[in-house]
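Among the features that Swiss-Prot reports, active site is placed at Asp122, Asp140. Positions annotated as transmembrane segment by Swiss-Prot, on the basis of sequence analysis: 9-29, 39-59, 66-86, 95-115, 136-156.
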Amino acid sequence: MNTRALVRLCLVSTIIIALDQATKALVATTLVLHESIPVIHGFFNLTHIMNPGGAFGLFAGHSPEVRKFFFLFVSSLVALMILWLYQRTAQTHRVLSFGLAAIFAGAVGNLIDRFRFGMVVDFLDFYLGAYHWPAFNVADSAITIGMVVFVYHVIFNKVPDL
């Protein structure tokens, strides 16, 4: 990996991780657990939630030890796989490298929470009427955006041979 690609990874990751951790800290110090502040009435709240599971509450019903092991292991594995893929594509596929850096940063952002709290701070709460999309955070958003970029490259055969 050349220096420019490494700088791109570090810069994008640092910005996303810092924004993720800063927003989570702000929510945790401003709102008590489960408190909501309406931002757009009938559509969007800031709600302090501690998510013991994964996306959509995956594994939330398992013991804290099982969850912690599973998510720490999987998050670490994903981060390493993304770094491996980034190293192989960053010089030739610039847009893909931004997407991979976003996935990496999101995984690390949530991994920090799992190390610190054994669960993840979520707070972005979108809803329509009684239907609530599961709350999420900046790290989750980065992972989602990065995955959209990655899937685009896969679908349109823009991922290089590895």
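Every residue gets a Cβ built from N, Cα and C, even glycine.
From a predicted model like this one, the values you see are computed outputs, not experimental measurements.
For the transmembrane segment (66-86), the partner stretch with the most Cβ pairs below 8 Å, chosen from 9-29, 39-59, 95-115, 136-156, is 95-115. Among the recorded stretches 39-59, 95-115, 136-156, the one sharing the largest number of Cβ pairs closer than 8 Å with the transmembrane segment (9-29) is 95-115. In this structure, the C-alpha atom of Asp122 (active site) lies 9 angstrom from that of Asp140 (active site). DSSP assigns Asp122 (active site) to a strand in the three-state reduction.
Outside the transmembrane segment (39-59) by six or more residues, the chain places 27-28, 31-33, 66-67, 70-71, 117-129, 134-135, 140 with a CB less than 8 A from a CB of the stretch. Other C-beta atoms found within 10 angstroms of the C-beta of Asp122 (active site) number 21, with every protein chain shown included. Around the Cβ of Asp140 (active site), the number of neighbouring Cβ atoms within 10 Å comes to 21.
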